[in-house]
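Right, one structure below, let's go through it.
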Amino acid sequence: MGSLLRASKALKPPKYLSPFFSTFRSNNAYDSFGLTQRFCSHSRQNSKETATIDLSQYPTEKIRNFSIIAHVDHGKSTLADRLLELTGTIKRGHGQPQYLDKLQVERERGITVKAQTATMFHKHKFHGSSVGDANEPSTFLLNLIDTPGHVDFSYEVSRSLAACQGALLVVDAAQGVQAQTVANFYLAFESDLTIIPIINKIDQPTADPDRVKAQLKSMFDLEPTDALLTSAKTGQGLEHVLPAVIERIPPPPGSSNSPLRMLLLDSYYDEYKGVICHVAIVDGALRKGDKISSAATGQAYDVLDVGIMHPELTPTGILLSGQVGYVVTGMRSTREARVGDTLYHTRTTVEPLPGFKPAKHMVFSGLYPADGSDFDALNHAIERLTCNDASVSITKESSTALGLGFRCGFLGLLHMDVFHQRLEQEYGAHVISTVPTVPYIFEYSDGSKVEVQNPAALPSNPKKRVTACWEPTVIATIIIPSEYVGPVITLCSERRGQQLEYSFIDSQRAFMKYQLPLREIVVDFYNELKSITSGYASFDYEDSKYQQSDLVKLDILLNGQPVDAMATIVHNLKAQRVGRELVDKLKKFIDRQMFEITIQAAIGSKVIARETISAMRKNVLAKCYGGDVTRKRKLLEKQKEGKKRMKRVGSVDIPQEAFHQLLKALWHACAGPLVAVPIEGERVFYFPQGHLERVEASTNQVIDLPRNDLPWKILCRVINVQLKAEADTDEVFAQVTVLPEPNQDENGAEMEPPLPPLPELLEHSFCKTLTPSDTNIHGGFSVFNRHANACFPPLDMSRQPPKQELVARDLHGNEWRFEHVFKGNNINLNNELLYFIFDSHEDWDARSTTKALAYKRLEGFLSSKRPVAGDAFVFLRGGNGQLRVGLRRALRPQGNVPSIINSSPGMFDEVLSAAWEAFTRRTLFTISYKPRTSPAEFVVPVDQYMESMRRHYTIGMRFQMRFESEEAPEHRFSGAIVGIEDADPIKWPGSKWRCLKVRWDQNGTPSTPRAGRVSPWKVERFKSSSNALIAWKKIRCHHPLILLLALRKVEWSYISCQYIFIRENCEK
């Protein structure tokens, strides 16, 4: 070891590093505040601290504490990055956008979750007599706190403002004042902070700073001349921000000569140091080695380490009055670090600080370990995480279905989702969560009142009859464009809202306030609001009073036993619908057992919805080959008695996906056979050129937007996929949220192994294309025998005629009833229904004369869905026998409403601006599309794109390509490549989008148009069909002549008699 140490001391830096060493040692940014640093080896002998900051040079007159507050995605974190770079706290081009967003969940979601503190040093010539020489610049200590912008994390904002004397109110120059801007302004105003308005993103094409200044004046009475115009991305105008902070924001109060009082702002757990506390020194001074006590617990601690965040933990040995930093005291339990606590020197008497208001929990949910044996590990993980998130309330509870768990209170749904994600990412805890609920107040007949957070805690005993109940309400603030006022008023009315205020901010934006029940907004209100306003609405709320309401407890019973984890409290008017939805979801995802399972939704003793999962049966009659019929009856009766006994002692296993799974199978069936939607976690290439092309096709207008140096393809990660359907027409659409990858190198795109394929969702389904006569009020249609036997329950052939009633549900859970009838050759027309009969001739057997006819009372379905000729009915039967029905719309262009809308920052005419913003800032953005009008071929999986790039395309090369038409689910048309060139060499040079110029062998049709240019990943190699068999896609025939046609060489023949389609050649 000694020889190694001597050798290391003898080493000298190479000559080519000498300029770098000399530049580093002469860095003025470090000398300005007394920070010196030198390079050293990582040996233990040289590991002692060599970097020191003398905080005694910064009295309170040279300290400024300020925070950055804004609406979500208005540029808070980016502005913080630029200020850190401007002061030399971090290096320029550090390669980590949003430097203060340190959590994995923050980087994945693109939002700030935790408030982060950073200390900066900046020289400025202060025009005041109290700070040094007025002619010489002084160095100021600036404590910056970056705060979240979402309403669910407003408690983080309020705690951060307690340590500040000023705030930078950041407003987007394009979007203007939003709901959370209003909420954060009043938080800062109530804290008596100096507010500096900053209008950010002035480099955007749609920026309008004058309009934003007028909004700030009309809503907050902030003078337009006080606003600073900046662009955090380009750095424009940032040179005025820090001088304004020093000149306008007052220094912190307090004196270093007073007894120590410091406020505990936040804490987190470190595996080596224990609990690390973030504190603000109000009075006095704190030094390493001091002994301090807690006003809340009375326990005493030794100060092991003290310092500032610069921006990482930097020991200084001392903290003075007005400064913000960290302290390590050796706390080992998170219960000792109480946010808002006052810490002081032991053996001194001080008056405790006011602290913080307790968090108001809006949403409650049960958390249970996925494996019952992991309760202790989950308890440990929650204890560690709540040290860093003091706004979560935790109480232990038990469930008969899920075992031991916790009842957790959150500030909102996003807060709950982020907490779950942090549990899994930071501590590896896998949990089962119950349906989120809100706290209610119930009054019983004996006059007692109780607050109920867990629906299972509400007694069902009729002796304790509920005489009155109250539910919490909120005051919601909604800011929307003026054209969306009508739909928003309708939405709030449907959610039992009461309008309190309605005004106009300017000629383009409306301001609305509603009192809404909390339960109506915690699930899907924000998503609905964003949907009906094309993503332009901003929403914020604050808790209000309780109001009396008609509430009932909805229980879910399995075989007569209540499942307390699935109990919920709903309004009496919505109990029927909610109960039916829960019962249907459970039936779909609970596996069949050897005994019958009864699923019921009940209010007290009244059952309002029921489904039954039939038992799996063994064929006990297989060994009987005739003889007395009583033998068979005895076997069946014995089996029946055994099923009854198993039902009494059997248990039902509810899979976790029964709580969250969507109707993906029906959605994919309605979307079409050639539609492929990316899956979560998959990497894709996004083509802005194709996105813009779809927008132009949907709106019938050419959109000329600046490209802003946007690449022609962007490598992205799929974060979320939502499959949806329009409420009135059932036309399906998808919303795909993607995040641009940091490394856009195409060559490294294949390094990641592909994701495992998704399991097959469909078991049995068939599709019936409607004719003009099928769409009239009394239409009916035939179904092939093989489809009827596969999708429908078996008919009772002893009835005359054999028929049954079928109940099918659509994508929205609406119930539709069908009559399934089996008849022979003699079919009498009914006066009420007109229907058509088509021979099926299964397996080309002339003796098979059976027909399966599905007809129904279509008046309600047709008037609701409005299908037209060419649309198709889709029937689907799941593994548990549940029947679903939907509509697959015919392929047709849409010319009035844009079918592709990007959710950020706004309308379809800003597609490229939104993509450019997401690409440069590495933020999330959402792409919406309708498969039946605009296929999502501009979002291409990486493996599909890379495979196409490995092919060698030449002029004259033959290819084939798949199309969907009304005659068949899939056609393959062939052609030849006649050119390889850029589709738009001026705007998109080098782009592979539609770079192949082709000539088709067959002319296009209205149902299958064929473009003159295609993309390489859409084509397939041409395959010879000389030895191929016939591919029958749809066959309906009346005569055995079809067999004779099949025995001859027929290429692409179409027999108009009943849609005969023969795809390829056939040899006799």
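Just so it is clear, glycine is given a Cβ too, placed from its N, Cα and C backbone atoms.
Reduced to three states, the DSSP call for Ala70 (GTP binding site) is strand. Residue environment of Ala70 (GTP binding site) contains 27 other Cβ atoms, counted within 10 Å of its Cβ in all protein chains. Residues or ranges marked as GTP binding site by TrEMBL: 70-77, 146-150, 200-203.
According to TrEMBL, the domain 'Tr-type G' annotation covers 61-253.
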Task: Sparsest-packed among the binding-site residues, when each Cβ's other Cβ atoms within 10 Å are tallied, from Lys76, His150 - done: His150
- [ ] Quick one: among the binding-site residues Asp73, Thr147, Ile202, which has the most Cβ atoms sitting within 10 Å of its own Cβ?
- [x] Thr147
Open item on the list: Taking DSSP as the reference, which of helix, strand or coil describes Lys76 (GTP binding site)?
Closed with: helix
Task: For the domain 'Tr-type G' (61-253), the mean pLDDT of the predicted model - done: 85
Open item on the list: Using DSSP and collapsing to three states, where does Ile202 (GTP binding site) fall: helix, strand or coil?
Closed with: coil
